[in-house]
2 protein chains.
Amino acid sequence: MRRALALARGVLYTTTPNPRVGCVIVRDGQVLGEGATQPPGGPHAEIRALRDATERGHSVEGATLYVTLEPCSHHGRTPPCVDAVLAARPARVVVAMGDPNPQVNGRGLAQLRAAGIAVDVGVCVDEALELNPGFVARMQRGTPWTWLKLAASLDGRSALHNGMSQWITGPEARADGHHWRARSCVVLTGMGTVLADDPQLNVREVTTTRPPRKAVVDARYAIPENARLLDGSEVLVFTARSDPAKAERLARRNVQTILMPGDQPQRVDLDGMMRWFGEHDVNEVHVEAGAGLSGALLSAGCVDELLVYLAPMLLGDAAGMVRMPMIDHLDGAQRFEFTDFTRVGADARLRARVAARWQALRQGLDGAPR
Amino acid sequence: MRRALALARGVLYTTTPNPRVGCVIVRDGQVLGEGATQPPGGPHAEIRALRDATERGHSVEGATLYVTLEPCSHHGRTPPCVDAVLAARPARVVVAMGDPNPQVNGRGLAQLRAAGIAVDVGVCVDEALELNPGFVARMQRGTPWTWLKLAASLDGRSALHNGMSQWITGPEARADGHHWRARSCVVLTGMGTVLADDPQLNVREVTTTRPPRKAVVDARYAIPENARLLDGSEVLVFTARSDPAKAERLARRNVQTILMPGDQPQRVDLDGMMRWFGEHDVNEVHVEAGAGLSGALLSAGCVDELLVYLAPMLLGDAAGMVRMPMIDHLDGAQRFEFTDFTRVGADARLRARVAARWQALRQGLDGAPR
């Protein structure tokens, strides 16, 4: 299963909206075939592994098939993998996590078991979920898995009082950030950042054949038409103000304008935006925004995970990382659970997530009843 | 040497102002004797190890003696260890770090070499220095090694706008903080903290026979005479205002008042305070103060190391960790180097130090010419 997980990690940047899946077929300690999910429309991991075994001249009959996700049992862009697995007649199938779609969960496994194949579920389920939290979130709750990237000094300052913010963290942290952009389906920012930094918001530092879409929260629809991020790649602008003429002009440049007004004037409905993402094949959202949008997303409960880069410096009086309403008691704090500390160049990278949301995704994936 | 370092770690809370030292005597892979420095006035590590070998019935002649610090060659509270080592006639002495006192550095080793004993220096020098940065700093530069303990949310907020700060970090982080208090010679705070929290400032959570002294920076000499930290234990108050009557009253309660006015009115000379510490057997200072004194010590260049506990929560608009003058450029930031990330309960502990100061301490300790 470790090998299957490693294969899935190898396609981190290419499979979405499909999940990243790896598959290894083994008999008597010998690998007969292996594979990982190909880009959308291409074969899934099980099919690749079965073909690999055939190409190597091996029959899979009686072997054990390890796969990081329950084989699909429905017709999508490709035929159901479970049929191909049944035809190959392995003796045993070991699955890291069940299909997260509540409608299909366990159906593929039931078909395998009905054919007399031994099935184990829940082996390395946490590692498997780490690879596909967005796919699971979209299937289970209809919204993507969203992480907020923050970069600051050790005392939580992301810019000096004069706005200077480049570069508090070092080049290695920025390169690491591009890996997270590359695995996401959408890189999201706010108008404050567009006006202050005019970012390209594309993926550099990492080679990817599937760049994420760019998205901007722009309540007043004030995005300058010469902004650098409007480079012909697919851009989504979420706004609270209708301007059909501007929308028409931007549409010709591959920019889709989505009118999504919030409860309050001049605000975008952030929850609605997340549901829109869920309906439009967006598994993972990478937020890289200023303190305003970052705080608004946190306050709206739209952030599942934090990706925080801290530089080993203190800045004292300077701008904070997130702008949120003052609270009177610690009960009002946004709480997370640390998952990982890593040194990245001279900086520290701390990851933390909302524990209850992770547990909700995980529930049932290990084959236990929901 | 690893064993000798572990023995030294075992006396972390008891030897100061003497350094923590461990010693292991080995022949043909067999440990003949071992020991660590006893509390002041008691035998040093080498003496303990030599006695241990004798008690076990071993002669040390021709053996190898591993010691984490160059054996002392001067009469202090105890006779020079180098004489005892010479008398025991080992064939080889392996030393982690040389004596940091520039006046005596290498003298002990020279005596050993003159007696025909093979001497190696610089084995695990970094680990040895980690055990005694304060002793080395006091010997080399005349001031203690000072770390600043900070506790905050992940976005660097140490208190809510209404002052509420207990408890952002969890019980494990607080207990870990008491280990750092216990190893220090002085626990230092400011009047803001005394007035806001009325802390005891003593060591709990760790058993120690040698509690550190307490010290308060109190420029206006406003310390309430019923403050909880004035519990009969030794307290130092650094002030800029003379009040002989109050000093007299406090002296009867084991409080020493040190008049140390700074350049500016109502300010304590923090540099002068550090030199005072160096002259009064203080190796390590643990600062646990509010944003005001923390920022002032940082700005005065009095902080060598940071000990930062971050809770996995975001607070948004709330009080910062350190108060320092605004800067216009990142060149003005206080810069450190991360040395360690650890999870402590639900929190993260990040250690960072001023790289140049560490290098200055380390220089020459490995036997290379300074």
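Quick reminder: no glycine exception, Cβ is built from N, Cα and C everywhere.
What TrEMBL says about a protein is an automatic prediction, not a curated fact.
All protein chains shown were included, and the count of other CB atoms within 10 Å of the CB of B:CYS72 (Zn(2+) binding site) stands at 23. Taken from TrEMBL, the feature Zn(2+) binding site applies to B:HIS44, B:CYS72, B:CYS81.
Taking all protein chains in view, 16 other C-beta atoms sit within 10 angstroms of the C-beta of B:ASP197 (NADP(+) binding site). Feature annotation from TrEMBL assigns NADP(+) binding site to B:ALA151, B:THR193, B:ASP197, B:GLY290, B:ALA291, B:GLY292, B:LEU293, B:SER294, B:GLY295, B:ALA296.
For B:ARG204 (substrate binding site), the Cβ neighbour count at a 10 Å cut-off comes to 12, with all displayed protein chains included. According to TrEMBL, the feature substrate binding site maps to B:SER165, B:TRP167, B:ARG181, B:LEU201, B:ARG204, B:GLU288.
Here TrEMBL flags B:1-120 as domain 'CMP/dCMP-type deaminase'. On the 0 to 100 pLDDT scale, the domain 'CMP/dCMP-type deaminase' (B:1-120) averages 91 in the predicted structure.
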Those residues of the chain, 6+ apart, with a Cβ under 8 Å from that of B:LEU293 (NADP(+) binding site): B:THR189, B:GLY190, B:GLY192, B:THR193, B:VAL217, B:VAL287
Spatial neighbour of B:GLU288 (substrate binding site) that is closest, considering only the binding-site residues B:CYS72, B:ALA151, B:ASP197, B:GLY295 and their CA atoms: B:ALA151
Binding-site residues among B:CYS81, B:ARG204, B:GLU288 whose Cβ lies under 8 Å from any chain A Cβ: none
Binding-site residues (B:CYS81, B:ALA151, B:ALA291), the one with most neighbouring Cβ atoms at 10 Å: B:CYS81
Per-residue Cβ crowding (10 Å cut-off), top of binding-site residues B:HIS44, B:ARG181, B:GLU288: B:HIS44
List of residues, in chain order, with Cβ under 8 A from that of B:GLY295 (NADP(+) binding site) and at least 6 apart: B:VAL322, B:ARG323, B:MET324
Shortest C-alpha distance to B:ASP197 (NADP(+) binding site) - which of the binding-site residues B:HIS44, B:CYS72, B:CYS81, B:TRP167, B:ARG204: B:TRP167
Rounded to the nearest Å - Cα separation of B:ARG204 (substrate binding site) and B:CYS81 (Zn(2+) binding site): 34
